[in-house]
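**Q** If you scroll down you'll find the structure; I have some questions about it.
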Amino acid sequence: MTIRSLAEAMGITHVAGVDPSYYEMNTMQYNTSVNILPPAGVMLGAIRDIVSQENLTKVGIIYDDTFDLDNKPKRLLRNIPAQHLYMRMATTNDEIVKQLEKIKSAELHHLFLACSSANADVYLGKANEKGMSSFKFSWYILTKNSKVTCAKCHSRVSVLTLRGSTVYTPMNTYVDIMDRHFKSIHSSLSFSRSQIQMDAAFIFDLMMTIGQALDKLLTSGQWRQINYTDCFSFISTDPVALLQATTLKEEIKKVDRVGVFGQKNWTGDTAVPLITLVINRLQFKDGSMSSESRVGNWSVSQKMVTFFGSITKENLKKSYRVLTVEEPPFVFRTLTPPSSQIEYYYHNTTTGYYYYGYCIDLLYSINRTMKFDFTLLEPPDQKYGAMSPDGTWDGMINELIYDRADIIASTLSVMAERENVIDFTVPYYDLVGITILMKKPKFEYSVFKFMSVLEGAVWGCIFSAFIIVSILLAIFDRYSPYSYQNNKELWDGKGEEPRVFTLKEGLWFCMTSLTPQGGGEAPRALSGRLIAATWWVFGFIMIATYTANLAAFLTVSRLEQPIESLDDLAKQFKTKYAPQKSTSTETYFRRMADIEEKFYGIWKSMSLNDSLDQVERAKLAVWDYPVSDKFTNMWAAMEESGFPGSRVEAINRIKFPAKGEEFAFIGDATQNKYATLTDCDLWEVGEEFSRKPYAFGVQNGSPLKNELSSVILQLLNERALEDMKTKWWNYNRKDCPKVEDESDGISIKNIGGVFLVIFIGIGLGLVTLAFEYYWYKWRPSVRAKRNGGNGVVTNIGNSVVTVDTRVRNRGRNNSIQNGSLGHTNLAYN
């Protein structure tokens, strides 16, 4: 026996407030029973209408005890072509996390929370922590409470809320009655509009409806006191009680009362509350609601009424989580604001960093077309993302896989293994290969490099020998009885006058003896000739030594060839090298080493196969070791060197290596090139290899792939990307001196001192000429004029001879003998 049948048998009016699904197994009609549907059952109809009208698929409905869905799921989404899953809401944190993982694995994208606002707060917070608040998931909250919060929604979250709309006058009446009741309990207690609970208001309206019906019956005299029997003494139904119960039921149906949440509509013995749900879109960020907008209504009579078309497509800007890493000139990261010349930059208020560069400009250019908000983040490990041997990923790729980000805006290389787990947009940059970044070698240049062939002490000894020999030549010629200057009377005056070795002539003789011109006439005396011969031998040895050392000095320093390619790097052992950890470059070398290892295993299994006969073994005999182990050895060297965690660390290792070590960084050509443009201590060597394009990364299957690709292609056609490239490649560029190729020849910087010697010699000659002109021409003529013509100027051939008649000729040196001029003061033009 059911409660309804018991009530009818005993002549009692039965008023129920349950979902009709409870009575589906019992189709009997009862004269004394009425049923007023509870708000929860009516509100759940909004889920069906939203799913149907918006053509949603992959729907998840998570409910708690405030909504009775134990029987409702059987028919809530019946005949709607939507994959859906019902789950009772987990209560503990661990259970919520497991439930969210189940939802992600089931690929449910539209999630309805039919629960209290407190449970919704906790659930949304956990979903936000798990990265399930992105555009990929749409959240709908159906609640009986008047307010929805999300205290742990730190990143931006957008949700649709469906809450009951109250009727103003009944609502005020209800609040006044409840407030008086609370104050009757204690004067400090009160009741306000925000405390309205839909179920409590429903009970209040139900009791007021029954009260009005009873009051009408009592007033009209249709209600009399009946003595009801208990179940044990019950014999048969009292006709009077049955009639009175039926009358009360009908009177309840006639009561026309507007409740707190609206009127009721009777169909037979069942009343449906005409509840109106207000559909709002809430935006949460940093634990508080940042915006609220009304997008539509839902009611029992009119169903869905939207204000801006589809309610599932946000009319507000979408918000994406964008990952990046610092990589100039594509992404700069500073703690100070960029200069006013930088138009676009992003400021992370949490970390205090400012981001700008090529990728940031591109992101804002895309944003002008797609109209979205974004939060710029960095991966915890500051890595791009590489796959480990167990198939897991790290870096930005891992964040994208686990839905902790929506877009990767960085120098992310397109690789086949990455395409298996994420999607790439069309490339936004040209093919980029791998090059080597090293410390620029220090080339020592000196215009007097030809002087550095011999040490200073040697040059000092040579100069001392030069002076000493010159003095000895002058002394020997002066005192030797066989010298010309002591036997001038023996000269017959024919031909050139023999040489007199004064100190000046001795210096000139020693200097010219060291040149291909030769020293000229040697001393006439035997002693002087011995000195000259000794100097010749000395000079020959020194010139030969200097020439040999100069040739060696200028060539041996050029024999050591710098590293110019990957092969050069692989063959040497002095310089350590490695790529950045968890980058495409590291993956390339690891994969190449693995391939060589596999081929080596194949070769080894073939060569050591005991089943081969003599003929087959003879065929393989010439195939000693056909597989290169270049990358195997390089990978071992890289592991020994250690992989830099960032480019900053790599550049520091290049510029400031450990004592006695050198380091070369292997990385993307664009990054290495920019490093050389902004740091004159670095240079890029080698041709590019393993070239790959740069592209933005998105989640696998994300609609952002096509949207972003379309805008990037548009920017490419407008040559906007070329303008960005020109702008950022010249940013912070330094004017570094050109690195000369030592194989091209001897630089003027090293041999220029020889030309300085010429100019110095010419300069000394000009000074000497000026002195001679002054001393032998201008000075005597001035003195002659001052003495009143006491001087005699005589033309001899093409020469002008000025003879000072006041000077007494003394000795042979001041006389004109044998028809020739002695050492009288002469001035030649």
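Glycine is no exception: its Cβ is also placed from the backbone N, Cα and C atoms.
Curation does not apply to TrEMBL; its annotations are automatic.
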**Q** Besides Ser413, Arg418, Ser584, Thr585, which of Asp361, Asp477, Asp492, Asp668 does TrEMBL list for that L-glutamate site?
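**A** That L-glutamate site, as TrEMBL gives it, pairs Ser413, Arg418, Ser584, Thr585 with Asp668.
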**Q** For the domain 'Ionotropic glutamate receptor L-glutamate and glycine-binding' (345-402), what does DSSP give as the number of helix, strand and coil residues?
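**A** Split into helix, strand and coil, the domain 'Ionotropic glutamate receptor L-glutamate and glycine-binding' (345-402) gives 20 helix, 13 strand, 25 coil.
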**Q** Can you tell me how spread out the L-glutamate site is, meaning the largest CA to CA distance among Ser413, Arg418, Ser584, Thr585, Asp668, in Å?
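**A** For the residues that bind L-glutamate, the greatest Cα distance is 17 Å.
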**Q** If you draw a 10 Å sphere on the Cβ of Ile563 (site 'Crucial to convey clamshell closure to channel opening'), how many other Cβ atoms land inside?
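**A** For Ile563 (site 'Crucial to convey clamshell closure to channel opening'), the count of other Cβ atoms within 10 Å is 21.
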**Q** Could you state the CA-to-CA distance between Arg418 (L-glutamate binding site) and Arg590 (site 'Interaction with the cone snail toxin Con-ikot-ikot') to the nearest Å?
**A** 15
**Q** Between Ile563 (site 'Crucial to convey clamshell closure to channel opening') and Ser413 (L-glutamate binding site), find the distance joining the two CA atoms and give it rounded to the nearest Å.
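**A** About 26 Å separates the two Cα atoms.
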**Q** Can you list the residues of the same chain, besides Ser413, Arg418, Ser584, Thr585, Asp668, whose Cβ falls within 8 Å of the L-glutamate site's Cβ centroid?
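**A** Near the L-glutamate site, beyond Ser413, Arg418, Ser584, Thr585, Asp668, sit Tyr384, Leu412, Met415, Thr583, Thr587, Tyr588, Lys692.
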**Q** Suppose we draw a 10 Å sphere around the Cβ of Asp668 (L-glutamate binding site). How many other Cβ atoms does it contain, all chains included?
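**A** 28, counting other Cβ atoms within 10 Å of Asp668 (L-glutamate binding site).
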